[in-house]
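S.K.: Once you've had a glance at the structure underneath, I'll fire off some questions.
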C-alpha cells in the first residue's frame, strides 16, 4: 500500500479523469490534464538532475501551476519547499540555504528578487518561471518559461515506485523566529491532515483507494481554500479535494468581495479561512452585498466554512451565524508540528474564555509540566500534545527537535508550545502559544484571549497583544490596535469592553493605534512586529491609577 501523496492523487486521476480538478477565473483543468501537465514537469525536473530527496522550492501565489508543481515534485519523490511570497531577499536567502534547495519554480513577478538571491545560493541550478501577466526580466539567471519546460518533456506516468516514508516538509511561518522545516513522512501527514482519518472520530481510513472510490461514487464537492498555499491548512484542503475527485477553486488574491463573488460564480460548497484576519473583511463585504447588482450574494450552494490556524473570535463567529443561517461553521486547532488536533462547531454566544473550544481525538491530549495528562475540569493549564502520526522533527535543527518532540512515560509526543485547559466534558479550550505569553505580576496572560476580548468592541478592526517592560509587574499587557475606518475609541473604552470578557489582570493597560496590523499572507499574527511598534514611540494612551506605574486594571 503506497500511502504517498502522489499515489493518492493518481488514484483519483484514474477514477475520474474527466472531472474538473482545478479552476480559476476563466480556466479549468481536468484530472486527466492535471496528470499530463504534472508528469511533463516531473520529467523536466528529473532531466535537470533533480533526484529523490532533493528540495524544490515553489514560490507562488494560489495558481493552477503551483498545484501542478507540487504534484510533479511528489511524483519524482523530491521534496517541495513552500516559499512565502512576501519574503524580502534576506528571508528568501535563508529559506533557499536552510532547505538545501536545488530547483525553484516561481511566478515571473518575483524575478527581481530571485535574480538578487541566486548568486548567494549556488545549490539552486534549475529555475522554472510561471508567466503571470508581468514582464519582469528573468534572463539574468537563465530561467526557462514554465510552458516551454512542459512542452519539451514526456507526459507519461513512468516513474519509480514511491514510499510512504518519502519526506514532506512544511516550513513554519517564522512569525516568532526563523522559519523551521517540519519533516513528515507522507503517510503520517496524510493521516492527520489529508483525510487519512475521520476528523470527528479519529478512525483511520484503511484502504488507500477509499477516498478516491467514495469521491467517484458521489458528485464532487467544490472547495475553495482562501489562504495561500504556503500555509499547511490550505495545502491540505487542496489535497483532501484531489484525493477524492473534487474541484478546487484557485485565486491568487484576497478581498472580502472577491470571496463571495467566487462562491457565487463557482457554486462553492466549502470554504477554508484562517481566523479573524480573513473573516472581518469577508463579513463587511457580506453585509454590503454584491456592489455590481446591489443584491445579496447567492450563497445557496455553500454549506460549510472551516477556520483553522488563527484566532477566530466569538464575536466574529456570532456575526457569521447571523448572516449565514443554516451553514456549518467550524474552528479547528492544529499546527505544522501536529497536524489536525481537534474541531469545534460554532454555536451562537458560546465562549468559555480563551480561544476555540474543540473536541479532540484520542491522539491529542493536554499534559502538565511532568508529562501527565491534565484531569478534565481541574482548571489547570497544560501543553497541547499529539502522539501517533507526528513529524520526524525539524530539518537540520536537532536542538529544536529535542525541545518540541519529547518522550514522556515511553510515549513520543509533538509539543509545539500551545497551552490549553481541559473542560469537565473533555473538550479543550485553547489559550495560546506559550512563546508569546505575557508574565504580568506572576500571572501568565495569553495574547489570543485578550485579542478576542478587544475585538468585541465595534470600533476595533484588528488587534495584537504583547508584553512591554514594567518596573512593578515585569511586563505590562499592552495592545496594538487598528480601528475601523472613521472610528475612534479610548483606552478606557477598550478596557471596559475587555473587562466584561476577561479577568482584570489580563486587560491591556497601554495602547498603540496603527493603520494596519501586520500579519502573514495566511493571516497569522506577527508578534515581533507588534513588539517593535511598542518600542518605536510612546503609547497613545496608558492606564495610570495615580501611582505613576500604570498599575494593573483589576476592576
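Placed from the backbone N, Cα and C atoms, the Cβ positions cover glycine too.
Dumping what Swiss-Prot says about this protein:
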BINDING   172, 173, 174, 175, 176, 177, 178, 179, 180, 418, 433, 524  ATP binding site
COMPBIAS  544-555  compositional bias 'Low complexity'
REGION    525-555  region 'Disordered'
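Looking at the shown structure, can you explain where the listed features end up?
M.R.: A sphere of 10 angstroms centred on the C-beta of residue 180 (ATP binding site) encloses 23 other C-beta atoms.
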S.K.: Just to be sure I understand the packing, how many Cβ atoms besides its own are within 10 Å of the Cβ of residue 433 (ATP binding site)?
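M.R.: Taking all protein chains shown, residue 433 (ATP binding site) has 20 Cβ neighbours within 10 Å.
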S.K.: Under DSSP, is residue 178 (ATP binding site) part of a helix or a strand, or is it coil?
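M.R.: It is coil.
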S.K.: What is the total of other Cβ atoms whose distance to the Cβ of residue 174 (ATP binding site) is within 10 Å?
M.R.: 18
S.K.: Around residue 172 (ATP binding site), which residues of its chain at least 6 apart sit with Cβ under 8 Å of its Cβ?
M.R.: 179, 180, 181, 182, 336, 337
